[in-house]
Amino acid sequence: MIRTSRISVVVTGTLAALVLAACSSSGGKQPAEASGAAKAGVADTPQMTIALITHAAPGDTFWDLVRKGAEAAAAKDNVDLQYQSDPDGANQANLVQSAIDKKVDGIAVTLAKPDAMKANVEKAVQGGIPVVALNGGIEDWKAMGISGYFGQDEKIAGEAAGERLKADGAKKALCVIQEQGHVGLEARCDGAKATFPDTEKIYVTGTDMPSVQAAITSKLQQDPSIDRVLALGAPFALTAVKSVKDASSSAKVVTFDTNKDLVTAIKNGEVEWAVDQQPYLQGYLAVDSLWLYKVNGNTIGGGQATLTGPAFIDKTNVANVEKFAANGTR
Amino acid sequence: MTATATEPGRAGATRDDRVASRSLAARLLSRPEVGSLIGAIVIFLLFMAVAVPFRNIANVGTILYGASTIGIMAVPVGLLMIGGEFDLSAGVAATTSGLSASLIAWNLGLNVWVGVILALVVSVAVGAFNGWLLFKTGLPSFLVTLGTFFILQGVNLGVTRLLTGNVATADISDMDGFVSAQKVFGSEIALGPVTLKVTVLYWVVLTLIAAYVLLRTRVGNWIFAVGGDAAAARAVGVPVKATKIGLFMAVGFCAWLSGMHLLFQFNTVQSGEGVGKEFIFIIAAVIGGCLLTGGYGSVIGASIGALIFGMTQLGINYAGWNPDWFKTFLGVMLLLATVVNVYVKLKADRR
């Protein structure tokens, strides 16, 4: 008995020592990071249900920000927000149908695949459910009878990126598309090509980071004249930084869209600049505008799209964005 | 492997072709991996001819890296297929492993190595769970692991959001143990002009170990036996259940290895990654001569399959072909490699 208890004391002691020794002295979860978005009072209007239906692929950091913006608006407006997403056009249209079936009070929807969405969105509008569009479908939302649009024009954003490349004195850019056949991503590259003709496209498999890295590396090795890598999403820009190093290339990395790590990379000079379309704002405005429409009959934009971008984040203004990015809201 | 049956009476007059020795060339050519080797050489020569950067020795590191991230998983998946089973959860399981290590270390503020070790436990447990479920339900492994594939996809996303509020893990590069773990899972070795990533080393070592186990040990015989005919294998005393569960756990172990590379190469892991890779592993094994029905194949072949995949993927970039057609080129190349493989095998068997 004495023996076993002594052993157990030794075992417990060793385990405790191991656990203590195992603690990291730096990094890890910080208590401050738990607090999320802006806090404000709650509206005293009766609770309503709003469905936010996007074409987000699971696990894309960009959509985290859209959702957080929508949740912040929902919390403030006493809205029960039901978030759903499916990258497949037909499936996303079905989600709109199920929102109609549930008789929600409003629908916010992305129109990345407008043809697939058209029928069900029009059904919702005709059924008296107010609908706003966000992020994708700037060409198509008006025709569907939707009351407002919040997003950026991908073509214009691409052109702005091309202008910036020209102003920076770049010679040749590589535009990295992480999802083949995605209209918005193609529009960005095409826009960049319109104002900066020496832009070449490359397709990579966005769900497989090692292959993204190897593909960009090989392209940089094949064509040493490339001096800018234009990524179309923050995680891919951060991977492109590694590719540039692997290929011993002197190319600089620029990108569309941001996340917390990308903001740090801009601050460190690893990434030159990012085109920001303010995804948080898109989600927030979409929900808030539906609430305004319901309680006061307002619409935003005067029948025109409300543009949330493009704006550039670079070394000169990154400090303003940094503290919000640390909260996971920029 | 299987001798052709001949009339017993004929043996006296002419030499019995059951014991006739085949020429060395014929014996070599009938190995399951030789077809893929020739396929690899054809692809290699093709890109050597059309892509200038492909000839640059310094770029070998990039090609081998692309191949190694597939190869690390193609080896155990090939073994599993020889053992007669599939694992569709292999790609997502690697992501699960990377996420577990990062989330455990980050949330609890622990040394990164604690996360790494616990992730190993999680990964091997996922493999064991696949095997256990296979025997518990008696369903085909295709279905069982398809279930795990979806379950893990959801868990990856759900748990990551629950713990971090985001869909990607936080950057853990400032935590204790990260630097040493990165040395183990994400470092580079310079060999003259070639910079090799550490995954290439793991890939080669795994291939050698797996080939030794398969061809030179009793366990290797068991793997062939359970894949060929599980009932017959059980009748002669092969531990069918243990062999198959062990194979699933080997896939789990390699998923851990590639998950750790994912984490320490990129500092964060996106929770949606890995979907679709499971088929690439299976394809690499099939190109390498593993039969979809089990009982036949080679891990060297699976590795060569991964090499073919890596060379094709990057060779198309090196050749600078129109990227719109990238996937089409990839498909044509893979078909080409497989056709060469089958052709060589047919020729050899006929001899």
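Cβ coordinates come from backbone N, Cα and C, glycine included.
Bear in mind that TrEMBL entries carry predicted annotations, made automatically and left uncurated.
Feature list (source: TrEMBL):
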{"type": "TRANSMEM", "residues": "B:34-54", "note": "transmembrane segment"}
{"type": "TRANSMEM", "residues": "B:60-81", "note": "transmembrane segment"}
{"type": "TRANSMEM", "residues": "B:112-135", "note": "transmembrane segment"}
{"type": "TRANSMEM", "residues": "B:142-163", "note": "transmembrane segment"}
{"type": "TRANSMEM", "residues": "B:194-215", "note": "transmembrane segment"}
{"type": "TRANSMEM", "residues": "B:222-240", "note": "transmembrane segment"}
{"type": "TRANSMEM", "residues": "B:246-267", "note": "transmembrane segment"}
{"type": "TRANSMEM", "residues": "B:279-309", "note": "transmembrane segment"}
{"type": "TRANSMEM", "residues": "B:329-346", "note": "transmembrane segment"}
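Counting same-chain residues at least six beyond the ends of the transmembrane segment (B:112-135), those with a Cβ under 8 angstroms from any Cβ of the stretch are 85, 87, 89, 93, 96-98, 100-106, 141, 144-145, 147-148, 152, 172, 175-178, 180-181, 241, 244-253, 255-256, 259-260. Across B:34-54, B:142-163, B:222-240, B:246-267, B:329-346, the stretch most heavily in contact with the transmembrane segment (B:279-309), judged by Cβ pairs under 8 Å, is B:34-54. Between the transmembrane segment (B:329-346) and the transmembrane segment (B:34-54) there are at least 3 Cβ pairs closer than 8 Å, counting only pairs 6 or more residues apart in sequence, which means the two stretches are in contact. The list of residues near the transmembrane segment (B:142-163) in space but at least 6 beyond its ends in sequence, with Cβ under 8 angstroms from a Cβ of it, reads 86-90, 92-93, 95-96, 99, 103, 107, 126, 129-130, 133-134, 169, 271-272, 275, 278. Listed as Cβ neighbours of the transmembrane segment (B:194-215) (distance under 8 Å, sequence separation of 6 or more from its ends, same chain) are residues 57-58, 60-61, 64-65, 67-69, 71-72, 75-76, 78-79, 82, 184-188, 223-224, 254, 257-258, 261, 298-300, 302-303, 306.
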